[in-house]
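Trainee: To start, I am sharing the structure in question, which I have written as structure tokens.
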Amino acid sequence: KTCSGRSESRFHLPAAASTLLPVALCILTLLPHTLLGKPAEEDNAGSSALLQRVKRGWVWNQFFVLEEYTGLEPLYIGKLHSDMDKGDGSIKYILTGEGAGTTFTIDDSTGDIHAIQRLDREVKAQYVLRAQARNRLTDRPLEPESEFIVKIQDINDNEPKFLDGPYQASVPEMSKIGTSVIQLTASDADDPTYGNSARVVYSILEGQPYFSVDAKTGVVRVSLADMDRETRENYTVVIQAKDMGGQLGGLAGTTTVNITLSDVNDNPPMFDQRLYQMSVPESVPVGSVVGRIWAKDRDTGVNAEMKYSIIDGDGRDTFDIITDPTNLFGIITVKRPLNFESKPSYTLKVEGANTHLDPAFRHRGPFKDVTIVHVSVEDVDEPPQFDLPSYYIELPEDAEIGTVVKTVSARDPDAANNTVRYSIERSSDPEKYFYIEITSGSLMTVRSLDREQIGWHNITVLAMEMNNPTQIASVSVAVKVLDVNDNPPSLTHYLEAYVCENAKAGQLIQTVTAVDPDEPMGGQHFYYSLAPEAANNPNFTLRDNQDNTAWILTRRGGWSQQDQTVFYLPIFISDGEQPVQTSTSTLTIRVCSCNQEGNVMSCNAEAYSLPASLSRGALIAILACIFVLLVMILLMLSLRTHRKKPYLCDEEENVHENIVRYDDEGGGEEDTEAFDIAAMWNPREAHHHLGKMRQDMLPEIESLSRYVPQVCVMGGGGDSNVHGYVLAKLLEADMDPCAPPYDSLQTYAYEGEGSIAESLSSLQSGTSNTDHEYDYLNDWGPRFKKLAEMYGVLETNIPPTW
């Protein structure tokens, strides 16, 4: 087929392609072209050949190919042929550009073009390629490079898609038919300019009869009137989009739209009870919650918000009603204090109304409701009540002890009217300046008051019911101590001044001021003068400045430290309040040497110097030695005092046994060394024979025989010496007030549990005043024979064995 206006060309298509697209494809053939002039070989041989214009041998047009080819063989697109191609293989066809070599290939000998990859128009709609014919041997271009386009022909291979699904939408309840809910748009990737592949039609698959969809625009609308949110709130709608104009064979896609009916105020509120019963103790404070009520509304959000008010009843002045933070419930609170004795119950008429009304639904009203609330006041044993919430008292500081400051009064508000007793909380009056009469409540002073020490007394008075001490009330009593002029004025700051030796007569040396702890109503007024004894002082004079200050002036000159270094000037000060208080303060004036500017250089007549023989370091050393000596004396006295202390004082009353224990008994010769019996025969010389002692054991306590007075040891035989020694020890223990109140015992073999003698302790011996009988010692056997002999139980004619 020849394309007009262009050079002729030839384009060969396979038979299948020519039967499928007879109209859509423009078949271009590459017709033979006559080349003017000689062949290239002859041109090169003849140098005299004329250069002539070469007529183009081919013209490229667009190629069309269907997408999504699924055949096993490469897709044949077309054939390129040049008139210069004689069929001998001397021409080589070259293909470059987009997809050349990867998507498209060309047979360099025949010029056949094939697609070796699957083509998708939605990925790439066209490819721009360039072709050229070259001499296979010399690679010389036979034709200029030309450009052509391969366009991918669309087929319906993509279904419509809802890119943003699933969708959420809402529409007010009770909406009219046709109310728009949401508009959906489906996207089809196919070519909208070619056929009906991208022509989408919408339909509803699920959600009827409540909603419908516009087939062309995709707008979802309400199709059922008066849909009530309180009946059903959520709906699920399935929308389908189908291409090919909805015809059979078209591709379809679906999406889900979740539609919620939004609330409108179309339901009036209603109390669930027509009568509420509530109770509250009479002792609750103002603002306490009594209870809550609720006018239920089937609507939600702002459409269910309520406002409550008390519109009638005998308790409208005693109670109040507020709306809770959620604006749903009404909270009844106490507005005024309650008193069971005066009024035990109240009735309230409460109204609850919507705060947000919809004019479109006013015909469904009224949007309010009324209920009755009955409040019962419960009786409570209340603490006493003072007649005032607080007391304020002014009292002069010179009030006499016993002055009644104030009489407070409290009563039991209950019907029983119990007696009230008064007291002062001790923590509020720790110094105990005041006392309150327990029955009358009269508050009086018990100590002198001083405003300058404590200007205010904040006392807490307690009132307690006599029959129920747990019911206690308190009240604050503020006592302001009023000022009385009871303090004399005195000079402030320093009571010393100086005068320079070169001072002249009439020179100011000091400005004095006074201070008074009293605080008169009109302010302080001080009057200064020299004391009567210094009225004719020849050295100094005083000038009252009438502004609570005074000047000290010199009366003469010629001051000298050699004549006198210190002057004492008594100043008389009085205040202006009644009763007038006066005082006399002495001002010490020193004579000092000053420089020309009047600055003090020295106020001493002569410098103090230490003797040449005693340096400052030596004086410090002497003082240190004296201090060390005093410390040593005190330490010695302390040690002597501790040494004289008894081992045990009477007041300790620490009664116990002191058992002297030896680990062995009957050790033969060693046993005689462990305890020298000679000490008992001759106590006077016992302390001179301490050299011989047992080496393997020391007694736990020292023997007290050396301390026994010899006057107590009777003369006589050996038996009498021992007997006298024991009696002397007993007498010493009885007479010594600091002697240990326990026995010194020797442990002899068996004693205590398992012994026939049981316990020999004397701890329980003092429970009886009767004389002890020791006849039973004879029954204990030879082990206790010596003990029986000591207590005179054995016959005297039996010779002693020790």
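Cβ coordinates come from backbone N, Cα and C, glycine included.
Sharing the features that TrEMBL gives for it:
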DOMAIN    82-162  domain 'Cadherin'
DOMAIN    163-271  domain 'Cadherin'
DOMAIN    272-386  domain 'Cadherin'
DOMAIN    387-491  domain 'Cadherin'
DOMAIN    491-613  domain 'Cadherin'
TRANSMEM  618-637  transmembrane segment
Trainee: Please work out the helix, strand and coil residue numbers for the domain 'Cadherin' (491-613) from the DSSP assignment.
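Mentor: For that range the per-state counts are 3 helix, 56 strand, 64 coil.
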Trainee: For the domain 'Cadherin' (272-386), DSSP counts of helix, strand and coil?
Mentor: 10 helix, 56 strand, 49 coil
Trainee: Average the per-residue pLDDT over the domain 'Cadherin' (387-491) and send me the rounded value.
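Mentor: In the predicted model, the domain 'Cadherin' (387-491) has a mean pLDDT of 91.
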Trainee: Quick one: DSSP breakdown of the domain 'Cadherin' (82-162) into helix, strand and coil?
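Mentor: Looking at the domain 'Cadherin' (82-162) with DSSP, the answer is 0 helix, 35 strand, 46 coil.
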Trainee: Take the domain 'Cadherin' (163-271) and count its residues per DSSP category (helix H/G/I, strand E/B, coil), listing them in that order.
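Mentor: Split into helix, strand and coil, the domain 'Cadherin' (163-271) gives 3 helix, 46 strand, 60 coil.
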